[in-house]
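Among the features that Swiss-Prot reports, compositional bias 'Basic and acidic residues' is placed at 634-648. Residues or ranges marked as region 'Disordered' by Swiss-Prot: 614-653. The feature topological domain 'Cytoplasmic' is assigned by Swiss-Prot to 1-6, 156-174, 241-244, 320-386, 439-453, 513-528, 585-724 (among others), with sequence analysis given as support. Residues annotated as topological domain 'Lumenal' in Swiss-Prot: 196-219, 266-298, 408-417, 475-491, 550-563 (among others). Annotation comment: Swiss-Prot describes 7-27, 59-79, 91-111, 135-155, 175-195, 220-240, 299-319, 387-407, 418-438, 454-474, 492-512, 529-549 (among others) as transmembrane segment, evidence class sequence analysis.
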Amino acid sequence: MNLQELLAKVPLLLSYPTIILSSNLIVPSHNDLISRAASTSAAEYADEKLIFFSTDHAIRLIFLPTFVASSFNLFAHYFNFINYSSRRKYYVLFTAIYFLSILTAIFHPIQSTCITLLIIKLLTTADESSPKIALNFKTILKTFVPFITLTLVILRWDPSFDASSGDVNKISTSLAAYALLILTLRYASPLILSTLSSSIGVVSKDTSVAQHSISRNKRFPLILVLPIFSFVLLYLMTIVNKTYNIQLLMVFVFFGCLSIFFLSLKDLFTEDGNQKKGGQEDEYCRMFDIKYMISYLWLTRFTILLTGIMAIVVHFLSFNEITSSIKTDLLSLLFVVVAEYVSSFSNKQPDSHSHNHAHHHSHLTDSLPLENESMFKQMALNKDTRSIFSFLLLNTAFMFVQLLYSFRSKSLGLLSDSLHMALDCTSLLLGLIAGVLTKKPASDKFPFGLNYLGTLAGFTNGVLLLGIVCGIFVEAIERIFNPIHLHATNELLVVATLGLLVNLVGLFAFDHGAHDHGGTDNENMKGIFLHILADTLGSVGVVISTLLIKLTHWPIFDPIASLLIGSLILLSALPLLKSTSANILLRLDDKKHNLVKSALNQISTTPGITGYTTPRFWPTESGSSGHSHAHTHSHAENHSHEHHHDQKNGSQEHPSLVGYIHVQYVDGENSTIIKKRVEKIFENVSIKAWVQVEPQNSTCWCRATSMNTISANPNSLPLQPIAN
């Protein structure tokens, strides 16, 4: 696995267990509901007990799984990950996700994460030609007996387990769920495998884009209506039974993590498909096998282990505990390790695959025709933005993990930090979009290209950093005078440490993916880098201040660390703001200013030239002025000059300045020769100029009195006509 594949897979490790947990928390947990019902009087509880449990089962076994499964299919369709070419495919996948959602409601979230991943691994590595042999009873039992044993031991060793109070039903429910799972894998696997063998929803070049769009629009109402309808039913159930309430914030986290999950998968698969283009036919490379992509790209070695560990961390952050005791905590960790060990036996990597999937590892180059691709593919495949795009997905996934913890813990500080991360993700996205757009060629609508978007993005990031610093200073000063004692320092330390690791990955990704191209692109990358650096410094400050507070119990360390971090960010952001604002205002530095003055002095001393007007020059980037430009100007003498700048020498391919100038010549001189002399002067100093030559007594707009008296400062550019 190369570095880029690792960066693309990390968001999957975070988003998948968060999807499992947040889907279970859309409605209050079963234990919370029992405690609420038990808090009422004994008579009321006895009367409502039957209604309560029947409603609870209806929500957890019907309405909530329907909402989760339909939402999953909706996002898969929206991100063009699965092409629902038939309703049968939609119904099969909906039923599979529905069943997995029921399992997540029965088992512990950590167990659900490992079991569902193992099921997906079994299905994607099974032989489609003989699924009954690949998934026979012996194989399935051999796979799930260790998990059945561990689940029963965890339930029995739970300190809250009480056989007399009906906790035995938990054991019977778990056994029934495993039995149903084994039977489903045994008898429904052929249908599921035939569905998984279908291609992903990426249209080949031979397929009509119009027909594909029409077919998507015809099926989209069916896919969209079911999530809305199931959510409305869930909401109506909360109205009927006041014990329930829908956690809208958890719905937001669930949808956000689904988006990150599919974007990360698409990112991972897009790179693999791009690598194959060099060695195989393009038509084949546009069609991917879902089974291959999942088993060979996503669920590779140690993926289940790492995802299970992430599930443990996410559960700890949400509930401040893994399970109810140390023994069951260790058993849960053993459950994750066993899941990885069992999955290694199903990870059969045959030498001869039915589709001959050759995995080519090659570096992405700029030679790929990305101009006509979607914005997503351009960010995902461009070598300068790919690593940063993968970090953006990782940062967004961690933001949703923080949001989940802040909702559960009611922590306003962590919620504020999550919103800060959302602002950072927005800044990263703006910077990446600007980096892609600046590489677009010039056009009739944008004759100078979009290169200055990089400068604008850098300036925007600088302003956002300035706002963040102001917010940090205000909050820190307030906490100096009104100290806030931190209590949940352990959880805060875990979150800050994870945030530090994520940001260190971001710095590493930036160093790996971004290169110094100079100019506006460099300013854009500098703005992105400063945002990542600001987050890293913030995480370092939180870790250090939290450790000092734990040791000394002095809350003053928190605002002091914030002031130091804010000062460092400010010192880094001010130079970025200064340079980008100067470029936006088209300001010339001293070196370029002297370059223009030297060229103008040469023009003023050229024989046959009486003067010049309106010299306008500004910094530019390579490729920004390659568009053919026609400058037509009519005078009383009816002179018309067209000039196309397609010079091939090195000085004009990468000019440092671009602009235009009007030059007046002596009557009787050849205008073509005069223009070529002026062009040669500018070419020698790497300035790309549009030159308009005109007779000395012409009535051009540039000869107006106001233009002739622009400046009388001898240190400024000589704007007035030069007299003979």
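The backbone N, Cα and C atoms fix where each Cβ goes, and this holds for glycine too.
Residues 3-4, 7-8, 10-11, 14-15, 18, 21-22, 25, 247, 249-250, 252-253, 256-257, 260, 263-264, 267, 314, 317-318, 379-380, 414-415, 417-418, 421-422, 424-425, 428-429, 431-432, 491, 495, 498-499, 502, 505-506, 509-510, 512-514, 528, 532, 535 of the same chain lie 6 or more positions beyond the ends of the transmembrane segment (387-407) yet place their CB under 8 Å from a CB of it.
The highest tally of CB pairs under 8 A with the transmembrane segment (299-319), across 91-111, 220-240, 418-438, 454-474, is held by 91-111. Taken as a whole, the topological domain 'Cytoplasmic' (241-244) shows an average pLDDT of 70 in this prediction. The stretch in 91-111, 175-195, 418-438, 529-549 that contributes the largest number of Cβ pairs under 8 Å to the transmembrane segment (454-474) is 418-438.
Contact between the transmembrane segment (59-79) and the transmembrane segment (220-240) holds: at least three of their C-beta pairs are under 8 Å, each pair 6 or more apart in sequence. Within its own chain, the transmembrane segment (418-438) is flanked in space by residues 375, 378-379, 382, 384-385, 388-389, 391-392, 395-396, 398-399, 402-403, 406, 449-454, 456-458, 460-461, 464, 468, 520-521, 524-525, 527-528, 531-532, 534-535, 621, which lie at least six positions past its ends and keep a Cβ under 8 Å from the stretch.
Contact count against the transmembrane segment (175-195) (Cβ pairs under 8 Å) is highest for 135-155, out of 91-111, 135-155, 220-240.
Same-chain neighbours of the topological domain 'Lumenal' (550-563): 472-473, 475-477, 479-480, 483-486, 489, 493, 541-542, 544, counting only residues six or more beyond its ends whose CB sits under 8 Å from a CB of the stretch. For the topological domain 'Cytoplasmic' (439-453), the DSSP counts in helix, strand and coil order read 2 helix, 0 strand, 13 coil. When DSSP labels each residue, the topological domain 'Lumenal' (550-563) comes out as 10 helix, 0 strand, 4 coil, counted as helix, strand and coil in that order.
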